[in-house]
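What follows is one structure encoded as structure tokens, with my remarks underneath.
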Amino acid sequence: MTSLLFLVLISVCWAEPHPDNSSLEHERIIHIQEENGPRLLVVAEQAKIFSQRGGNVTLPCKFYHEHTSTAGSGTHKIRVKWTKLTSDYLKEVDVFVAMGHHRKSYGKYQGRVFLRESSENDASLIITNIMLEDYGRYKCEVIEGLEDDTAVVALNLEGVVFPYSPRLGRYNLNFHEAQQACLDQDSIIASFDQLYEAWRSGLDWCNAGWLSDGSVQYPITKPREPCGGKNTVPGVRNYGFWDKERSRYDVFCFTSNFNGRFYYLIHPTKLTYDEAVQACLKDGAQIAKVGQIFAAWKLLGYDRCDAGWLADGSVRYPISRPRKRCSPNEAAVRFVGFPDKKHKLYGVYCFRAYN
């Protein structure tokens, strides 16, 4: 019997970008794994990196060929692309791309991100002047010829999670309003991971709030009726995913270090809200935001037993050393409420940013 040998040829079209073409993001890559030769490997030496707002950080990423110490074959240009994964993992946001001498950064990362390039196989990304929104997971992708591989690095920020509801009261925010409410208070909407870490650190809160992935949850360390249910285990209770337009809950916000001074303004008299705003301005500052009082309390140990106005019209005071008449049972940012702004009953907390 005559044996027939069929040879199937697969043709791959490859177009090198024109040297003057800076639109690197539009280049179409066809990914095919070569059967022969060393395989391209991309490695992140650390899966998690910790930093804080205003700092600089390096997200590690290196690439190798399996069973060799070489960085590349030398026959193809190497393309490095960094993207940020959204909290629901449904999208990737472009951060930075490099190929040859071409470099391009995107959106709010422009002017703040660079490749470290400490060696020929170093694709690590440097992020400067870290913002709250930089928190999250980043993907490093390296492409050489027909090969590609990826690694994921998580950027975590030191900070504090706090529950927030507006003057209108409990359960009055849809998802988009919740996002804006956090931004207005010098913070961002918290992720599940951030809320989980806050719960592990003792956060106990009985009102459900939005998280960045669109879920609604709340942390319970001391289960009770009607907070998590009597005779149940502690944990982060999950209400699931709700309509982002019509469903209304509170929100959990996250903030980190600030570049400035938070302080209680010494003033001869108590102030109305409008007088409080003007008093801070006269002192070369602005009335402080809720995120700033939580950051000062949690990260700097700020302690003051005087209730003061904040920018959202609420009145609060931070206690890091519990004592008689000053939050005797626990360290906390105490919430007085949203009093009538014409009441001349409180002081004010101010914030002066450093240039």
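Each Cβ is built from the backbone N, Cα and C atoms, and glycine gets one as well.
Over in Swiss-Prot, the protein carries these features:
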DISULFID  Cys61-Cys140  disulfide bond
DISULFID  Cys182-Cys253  disulfide bond
DISULFID  Cys206-Cys227  disulfide bond
DISULFID  Cys280-Cys350  disulfide bond
DISULFID  Cys305-Cys326  disulfide bond
DOMAIN    38-156  domain 'Ig-like V-type'
DOMAIN    160-255  domain 'Link 1'
DOMAIN    260-352  domain 'Link 2'
CARBOHYD  Asn21  N-linked glycosylation site
CARBOHYD  Asn56  N-linked glycosylation site
Count the other Cβ atoms sitting within 10 Å of the Cβ of Cys253 (disulfide bond), across every protein chain shown. 30
Looking at the recorded positions listed here (Asn56, Cys182, Cys280), whose Cα lies nearest to that of Cys227 (disulfide bond)? Cys182
To the nearest Å, how far is the Cα of Cys206 (disulfide bond) from the Cα of Cys253 (disulfide bond)? 15
One of the recorded positions Asn56, Cys61, Cys140, Cys182, Cys253 has its Cα closest to the Cα of Cys280 (disulfide bond), namely Cys182
Counting only residues 6+ apart in the same chain, whose Cβ is under 8 Å from the Cβ of Asn56 (N-linked glycosylation site)? Ile126, Ile127, Thr128, Asn129, Ile130
Residues in the domain 'Link 1' (160-255) per DSSP class, helix first, strand next, coil last, are 19 helix, 33 strand, 44 coil
Tell me the Cβ neighbour count for Cys61 (disulfide bond), meaning other Cβ atoms within 10 Å of its Cβ, over all protein chains shown. 27
I'd like the per-state residue tally for the domain 'Link 2' (260-352) from DSSP, helix first, then strand, then coil. 21 helix, 30 strand, 42 coil
